[in-house]
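Asker: Please read through the structure below; I'll follow up with questions.
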Amino acid sequence: MGAGALHRSIRTIQLHGGSNDSASTKEFGNSSLKFISKGFAVDVKFLSNRSRSFSHCKMHVIRAISSHASVVDPILSTSHVTTDFNQNTSIESSLILIRHGESMWNEKNLFTGSVDVPLTKRGIEEAIEAGKRISSIPVNMIYTSALIRAQMTAMLAMTQHRQKKIPIIMHDESIQAKEWSQIFSEETIQQSIPVIMAWQLNERMYGKLQGLNKEETVVKYGKEKVHEWRRSFDSPPPNGESLEMCSQRAVAYFKENIEPQLQNGRNIMVAAHGNSLRSIIMYLEKLTSQEVTNLELSTGVPLLYIYKHGEFLKRGSPVGPTEYGVYAYTRFAFVSPLPPARLRSAFDSKLAV
C-alpha cells in the first residue's frame, strides 16, 4: 500500500456512536489503537471533546511501520464504538466456545452426564491454556452450564485474559440471592464481567449409564448398542437424553438468550460440555444430524466464531496470544465496548434484551 493509498484509506474510516446512549458520548475521551494491514502498521489516535458525539471525533495517524500481518490489535481502552470502512453499520461480534477441561470422571473413563464433577489437575491446566489462547479476544459476557467443571473452566481461562477483569457469577435463584449479591461500586463493576449460569447448557443426561465405566458398559450391553447411545442423534440411553433432546434445550437457550447479545455487538464466551456444544455448533454451522454425530470436541480447546451480517463465520481454534491470523477480525476489536450504564445493566438485569 503506497502512502497516497494509505492516506485515502485512513480518510474513509468513520466513527459511529450510539445516539441513544449518552454514557457512550461522555466516556469516550482520548484513546488510541494500532491498525495493521498488509504492508503497514498504523498507530491511530482518536481525540474527542467530551461534549461532542463520536461523529465529531478526530483521528490522527501517529506513525506507520512496515508489517506483513493482517490484524487489528484488540487492545483499546475506550467505550462502545463501532467502525466500518464502507460506512456499513452492521454489527460484528465474537463467540468463543470452550468444552470444559478434563474432569475427574473423564480421567476414570466414567459416564458423567449431569453429575457435578470437578476438574482434574490436567483439566485445570487445560483451562489455563485455553485462557492463554483467547487472551486477546474481547469478552463482555460469559455463559456457563450449572455444572462446576464448566464454571471452573471459564473462571480459570479468564485469569489469563489481557482485560484483567474479574468474572462474577450472577445469582438470581431467589430475590434474596439477587439482593445479597449486588455490587455497589461503579469502579468495581467496570472491572467485572457477568457470568450467567444456565442448566440448559448442561451436558446431556446419560440416565442409568451415569457413573458406569465405559468399557464395562460395552461388555454388559454390547459395543454396537453403547455406540448407538453415545453417537446416534435420536437414540437415548436408558432413562437418559439423546443428542436430539439435549439439542432442543441447548439451542433454544442459545437462540433466546445468547444470540441477541451477539446481535447487539457483545462478545460472548460459552463454557459448556461436549454434547451441548455439539448441539450449538450444529445450529451455527447448519450441520445435518449425521454430520453432528461425527463431530468431536477436545477438552479445554476454544473455538472462535465471528457473528456478522446475521451469519456465524467459523475461525477455528486460536493458537496463542501472539498468533492473530486465525482471528480474522474485519473490524476494530475493543476489549470492552460496554459503557458504564450498560455494564451496570448487565449486573442489574443480566442484559435482558
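The chain as shown is numbered from 1 upward.
Even glycines carry a Cβ here, placed using N, Cα and C.
Keep in mind the model is a prediction, meaning the values are calculated, not measured.
In case it helps, TrEMBL gives these features for our protein:
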- 99-106, 112-113, ARG149, 203-206, LYS214, 230-231, 274-275: substrate binding site (BINDING)
- HIS100: active site, tele-phosphohistidine intermediate (ACT_SITE)
- GLU203: active site, proton donor/acceptor (ACT_SITE)
- HIS273: site 'Transition state stabilizer' (SITE)
Asker: For HIS100 (active site, tele-phosphohistidine intermediate) and GLY113 (substrate binding site), determine the Cα separation and express it in whole Å.
Answerer: 13
Asker: Of ARG204, LYS214, HIS273, which of the recorded positions has the most Cβ neighbours inside 10 Å?
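Answerer: When each Cβ's neighbours within 10 Å are tallied, HIS273 tops the list.
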Asker: So if I draw a 10 Å sphere around the Cβ of GLY113 (substrate binding site), how many other Cβ atoms end up inside it?
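Answerer: Around the Cβ of GLY113 (substrate binding site), 23 other Cβ atoms lie within 10 Å.
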Asker: Using the alpha carbons only, what distance in Å do you get between TRP105 (substrate binding site) and the residue listed as 'active site, proton donor/acceptor' once rounded?
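Answerer: Here the two Cα atoms lie 13 Å apart.
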Asker: Take the Cβ of GLU102 (substrate binding site) and count every other Cβ within 10 Å, whichever protein chain it belongs to.
Answerer: 22
Asker: Just to be sure I understand: of GLU102, GLY113, LYS214, which binding-site residues have a C-alpha no more than 10 angstroms from the C-alpha of GLU203 (active site, proton donor/acceptor)?
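Answerer: Checking Cα-Cα distances against GLU203 (active site, proton donor/acceptor), the binding-site residues within 10 Å turn out to be GLY113.
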Asker: Sorted by position, what residues of the same chain at least six away from ARG99 (substrate binding site) have a C-beta under 8 A from it?
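Answerer: Listed in sequence order, they are THR153, ALA272, HIS273, GLY274, LEU277, LEU297, SER298, THR299, GLY300, VAL301.
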Asker: Count the other Cβ atoms sitting within 10 Å of the Cβ of GLY274 (substrate binding site), across every protein chain shown.
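Answerer: Result for GLY274 (substrate binding site): 20 other Cβ atoms within 10 Å.
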Asker: Just to be sure I understand the packing, how many Cβ atoms besides its own are within 10 Å of the Cβ of TRP105 (substrate binding site)?
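Answerer: Within a 10 Å radius of the Cβ of TRP105 (substrate binding site) lie 19 other Cβ atoms.
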